[in-house]
């Protein structure tokens, strides 16, 4: 009792220290004093006295330290806080905070019979000073804000003012902070919004903040935030349009995953609305989404998001009353019109919405009207299937499959059968569009989910079997996916729909995406892991006998569908089978047969009558499968040393016997490959004879059994033996002084046998071409690799000899081998540069030396010779140049060529164009330009000046090349046309590279001006040759241009970005008088017309047309002259441009 009285008396100006101490004790968790308990125990009289004292104290504090002075003190900074005014302000704020805390606690103990006028006055005062508080007083602001929220929630007098204050403060804070707590608190007092008058000017700031909430992720993601946003639609009917406009403007930046939340906001707003608000939401928002869902282009980033919103409403129609009727009413004026629109994309968009929303009906309609409406919609489905636009037909297929799957029981059987026959009987064989055929097989699995469809589909689907052989990969993929679905749902036996023979033929030849699916389809048929292992072997033999190549592909992907242990078991099961076949062939079973061997014989008795070692194809197939299976689990076996050792030992024990029995080359190759998986010590007799076998091969032999032998030596770490062999065969600079002494290596190679340089080149090329073997080769001693490089370099002297000596024979390599050796020399030098790049440009400099050799020896020789002499040696010098350019292109592509190397290469390319007749190098040169254009961004060490100089040279090389091609057109039109068509791909890639990496740079503008000059010159030349003005009709299509221009412009219009840049440059050329005169300007008009007729129409066409039109007007005086070609061109071009600009 005494404590309560003491507390009440402490609320005064004289005892303010004690009052503050009481409040402080309440804040300390360790102290037993509780302000809430104390207030709850106060009598009515004590409460009223306390509240009056609080009001008096608050008034006194504010009179002594007015709030407007606080802002001044705050502005003067922290130093001013130490002054008398600053300390007084601090004390005042502390007292007001304590008063606010007591008032906040008092709200919960207010009784209606009590007089709380004094408390109300305190709340009004605190509410009034809230906005005037300095920014630094967040603690007091928060406390007063909590008081306003609590006062609003209790519904006490003046709650509108406190509610508005709390609403604004929470709204502002929720947008500034990233926590969701303020959003939740704002939702609790969202009714306070209706205290604001929408039409008053003071509500402007509120509107802006509320609209900002619609693009705030915290509000969109949080449940309370979405509830709050949906309630804002009910504030004022005029605010709805502002909300919808804000959301539409932000759609492009919102993630697609958030669209379901946006749709939920609209849906909740619609569900709660009534009267004019409901009408506005439906007409201004939902129907607006419907309109844009139909009319927005598919490529628009907003289109898919609009559809997400509409999908949400479509899915709600079955669970929420009124949605179905609303969709029917809102779609009615726009959807059916969209389905009949002339624009095919609009029809396609409308079809998508129609299919998703089907059936679109008003549940309030009478049965007869409802049936009529549904019948009309089925007719729309039929019309979609017959639409001339493939995308609409594809959407129709989707609709038929979704609708029949969902409403199978309710649909009339005749309609059902007719629709499915249309899909499977006609559209599955739509020759005009692979997308339509693909849609059939992508959508049919939807119907399979309905078990009632299985009997009918079992009759219809076998007619589609040949779709497995469709010329479109995506159709084949979709067809196999459908077969997988049939198998999964057990709708039918998949081999009755598509016979196994067809499946195996596709498995043999098809691409990886199709093959992997086919393996998944037939996996359990040929590797039934749940059955005994002898069955695995039987199925394996069956598959090999049915289709050898398909068996290889099947087991190549088998490891993806079962455990590695099963693959290892299958390897040994096949080994048991081969062992049993050999035993039957020799008819001498071992006397002391082990228990395991007994099991082996038992396992394969089923195959006794069908399998024999004399069946070479089957034996080879089984051996190949062992190799394929071993390769597929090689990495897994590395982690299971015990299993790997067991497998090696088992095969090591039987391989000698296999080599004796299986003597056919088809069997030898997989046997050699098997040995390459094992260490040399496991097969010592064979490993010792490999190098002798390689040495004894004849040059020019067709078979490639040497490949597996080389693989063996590389896997055994014996690449040094190969190097010794080829070193003895390759010519050297001191060939005459070569000693006949045998090699000091473990394998002795004698010189009594003839040298075989061409075979040496075959071996080296194989090692360099295959990554694993190349790695082994490059890990050989550096000295041996350098010696090999030197030996290959002797090919240069042979090539010089072939060119310079009429009918002469090379000293080392033959005429056929010399270019090959030269190519290997170049390739090896680059591989060595990559391997030892940390040591500088040791090997790259060798390639640079090769470039100097090409320049000084080959190009200078060509320049000095007569045409007749060069014809005899054309093949040789073309091979040299092609080899050099190919290797240099690869050097730049992998980033080994620095700025200096690239610059030398470009200069050398100019030399080749000036010296060599013919254009065999053009494709390679364009590839080089493309790579340099891209690599100039990667070389970070180059200065800006070096890069600019390099790109300038790129542009010069390109210009020179195009000039050479243009000259060839004039001299030999047919040859020039063939050349240009052959280089379309690299030319397009080069232009695209320049466009994507160097837009609005000198090289970009230079390349485009070169591309402009060619067509302008050719078209101008053609126009000048015309004698009859009737032949001067403007072109309507690309095919109307002359051949050179047709090729170049055809490449330009493939890319919309290139078209825009090309038009910008054309405009600049016209404006700067680079293109001048009536004839050249007419040529520019022809180019503009062709681009405008293409698929990448650009707004820039009008800009260029206007510029050309202005230039043409400067030649207006020609209309005063007599009839001439130029006058006709002027009038025709002016008329054409006028029509274009006014269209």
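Any Cβ shown, glycine's included, is placed from N, Cα and C.
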Based on the annotations in Swiss-Prot, which residue of 30, 113, 1020 is described as phosphoserine? 30
Have a look at 805, 1033 and find the one that Swiss-Prot tags as phosphothreonine. 805
Annotated as phosphothreonine in Swiss-Prot, from the list 732, 769, 1114, 1119, is 1119
Residue list, the repeat 'HEAT' (460-498) vs rest of chain: Cβ under 8 Å, 6 or more residues beyond ends. 420-421, 424-425, 428-429, 434, 437-438, 440-442, 444-445, 448-449, 451, 453-454, 505-506, 510-511, 513-514, 517-518, 520-521
Give me the DSSP three-state residue breakdown of the repeat 'HEAT' (460-498), ordered helix, strand, coil. 31 helix, 0 strand, 8 coil
So residue 805 (phosphothreonine), by the Cβ count within 10 Å over all chains shown, scores 10
